[in-house]
Amino acid sequence: MSVQAVTGTSDVTAILPRRGGFAGSLSDLLWRRPGLLLFVMLAPPLLWLGVVYIGSLIALLAQSFFSIDEFSGLISRELTLKTYGDLFQPANLDIIIRTVTMAAMVTLASAVVAFPIAYYAARYARGKWKALFYLGVMLPLWSSYLVKVYAWKLILAKEGILTWLFAKLHLSWLLDSWLSLPVVGGNSLSVSFTGTFIVFVYVWLPFMILPIQAALERVPGNLVEASSDLGASPGQTFRNVLFPLALPGIVAGSIFTFSLTLGDYIIPQIIGTSRLFIGQAVYAQQGTAGNIPLAAAFTVVPIVIMGFYLWGAKRMGAFDAL
Amino acid sequence: MRSDRSQSAPRGLKIAAAAGLAFLHLPILLIFVYAFTTEEKSYQWPPPGLTTQWFAATWARPDVWQALGLSVQVAAISTAIALVLGTLCAAAVSQTRFFGREAISLLVILPIALPGIITGIALRSAFSLAEIPFSFWTIVLGHATFCVVVVYNNAVARFRRTSGSLIEASMDLGADGFQTFRHVILPNIGTALLAGGMLAFALSFDEVIVTTFTAGQQQTLPIWMLEELVRPRQRPVTNVVAMVVVLATLLPILAAYYLTREGDQIAGAGK
Amino acid sequence: MTPAVAFQKTSRHFGAVRAVDAVDLEIKPGEFFAMLGPSGSGKTTCLRLIAGFEQPTSGSISIFGERAEGVPPYRRNVNTVFQDYALFPHLNVLDNVAYGLMVKGVGKDERHRAAEDALRLVQLPGYGGRKPGQLSGGQRQRVALARALVNKPKVLLLDEPLGALDLKLRESMQEELKQLQKALGITFVFVTHDQGEALSMADRVAVFNDGRIMQVGAPEEIYQRPASRFVADFVGSSNVLPPDFVQRHAGQRRWGSLRPEQIRVGRDKSGDGVAARVLSRHYLGAATKLALDVEGLRLHATVPSGTAVPEDGEHVVLSFNRDQLHLMEEQA
């Protein structure tokens, strides 16, 4: 019966003729020369990223070896380390130290705030709740960066909701005494390092939550139970079991929080003091000051710091948690 | 027997997690309240009164419409370029083995791994070295560069899940390279590309740091907002724009989530 | 007669790895041919060379007398049933089966009719509307078969098609495949690492090892007269006998093989034969398999059920017919 319908092959040859047309021969050619196919696939992205983008980066770095003539303001294209000498002047060194300290504190605070969220999402949230947690992290992550910064400008303003909240709780004295402290204080939260710090933590927090959650998802739940079965207190379980297992995730997240803080120039400009961070210094040097070599030298700082950071992170296995 | 899962979390953990999520969401919600405030000179809380008049005022502003129009165009074209480049890269990396495969992934991630200011200033100085005047296309060039990675991440994740023998099966059944692409590869990676495209669009739509370096006199919506943040002139209009931007980015993110949730994760870390 | 598939000194090297090394092979039209070997022996690469997924590094391949080197898979009238079935997850069963006809430009009604026929042939009528994800492993395998057969290939390649199925299903599929092949008259080339499967289904078997063919022949020939120690060892569980043992008992200094069921186990210690000691016993249902120590050599023998089985540690006497001791050409 149906066997007949399917059989009856004899009149067809085993090798079919090449299909006519350009597409047919092109397909045959690319199939026969997989190297050519690979080239066709890789050439456009490599031209764009490898040539245009990397080329720009190298051009930028090269300019850090030029110098600016202090009188004429013209850039001299002789290779020199003079610009790097300028970079280590006390004022500029202050900027670097300030930025790195801020990045370190932001990273630490993000990890502390992120851990409970990530831990709850990884270990206790199930089904619908899990999806809700995921979106609860993804939505702020992808929400407009400027809108987020703007929201904090509203919150931290002198006449804003935070001052109001402190007043309602009869804690205005606490806020005032904090603001009167040197370094972290200021006229209002929106023009203090405290404000800058809070906004940095807020904006980069999702970047810390996701890798920690990914690392914790891989910890079998019974490992935690085994630890309590063996008589460990919750504190001991955290120190000896959970924290070491979450560490690659924390390190992975810290790559983002650290790098993003190092390079940001908008948050300290909108919420913060007049003392500069690296990003602002780069912006000012290339813009108003017209000192491209020094701006370029400043960008080398985060690159070098992140280079060491990534090298260390890789050794700790952080990339598996990305 | 899922005893380890059925137990509930310690109260302290619950509170800390809830507080953390509230910390993430309350500031954004606050924007919605401010869009209706009657106060125009300061950020006063609580709002002295509520009104919808600023929506009409914003609607009538040509500069907002212009900025919005530019942002949409830039995002659309950057996304299109990123889709092509990211898919090609993902296909090459996941379908073949060649020397330097790992370097490609690194290269794709670099534009977002490095602080945006570095990408921005590098492109700016390259434009000035090559004497390219700032234009619509210089903005697109910058945006497409960092949008490639979100498309790439989504496509690579899907390629990894798609059995390699599907392509062989298609060719075995008589489909040449183009037919295989159209009938097998594209349908299988389609939703991942759609999700990647939406994320790329959202990323470009929101980008400000690189844009400040690659735009001349033109204002994208984020640049417009940045001006308002640095020198507030029309607070009520800014409030309304901020709220609309939040709502507008919400949709592609939700859509991308639903398109990719079976199995792979949205490449969230790709921002 | 033109062979369905012919390899001439065909090699496929991946760098230093000789996956297929100077293989000569002829597969006859209408034959059910099995390629048997351990994993990494080159059998799957041979299959992929026929399908066109791999190109020979040297040597030639012809399919029904036509040279196939440099011809892409989509221009070969050869179809494959993949190990993981490789059904297109985005298409329903009917469109999966009709895919080959669709890309050849056959109209929708005609190709759907043909696909329905093919589904009937593999006993899955009416399953066209389902997605591959809704099918069981056995059903997917049938769909993969229908998807290949609907193209009326000159050669059908099957890559470990039964590997993922459970034992019972595998046995019934073996019979069905065999019947289907007989009914269709298409040349089947079948890759497996399961010697039972190869021997029971194929008209001829090629045994692969290290990229080379060790022996080609009918199943009985491979089983009864293995050409080398590797074949004797891999195909079934023949006892491989070293030359000095064979010299003592058969008079020739050659490697030999002796099947376990051809050894008779006598419990009378004074009888003629080779003295042995029972090491352990394994009850197999129809027979009991004994592990024996013979002059320091470990041999296996089977005793049919119903006869008395010696105890562990008992001394016994083994005997066999000289002509059943098969002498092999030595290969290192």
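Here the Cβ of each residue, glycine as well, is placed from N, Cα and C on the backbone.
What TrEMBL says about a protein is an automatic prediction, not a curated fact.
What TrEMBL lists as domain 'ABC transmembrane type-1' is A:96-310. The transmembrane segment annotation in TrEMBL covers A:36-62, A:95-120, A:132-155, A:191-212, A:245-267, A:288-312.
Note: the stretches the transmembrane segment (A:245-267) and the transmembrane segment (A:36-62) are not in contact (fewer than 3 CB pairs below 8 A, sequence gap of 6 or more). Listed as Cβ neighbours of the transmembrane segment (A:191-212) (distance under 8 Å, sequence separation of 6 or more from its ends, same chain) are residues 102, 105-107, 109-111, 113-115, 117-119, 121, 137-138, 140-141, 145, 148-149, 152, 156, 178-179, 183-185, 246, 249-250, 252-254, 256-257, 260-261, 264, 267-268, 271-273, 318, 321-322. Ranked by Cβ pairs under 8 Å to the transmembrane segment (A:36-62), the stretches A:95-120, A:132-155, A:288-312 are led by A:288-312.
Here the transmembrane segment (A:95-120) has long-range neighbours at 87, 133, 137, 193, 196-197, 200-201, 204-205, 207-210, 212-213, 216, 242, 246, 249-250, 253-254, 257-258, 261-262, 275-279, 281, 301, 305, meaning same-chain residues at least 6 beyond its ends whose C-beta is under 8 angstroms from one of its own.
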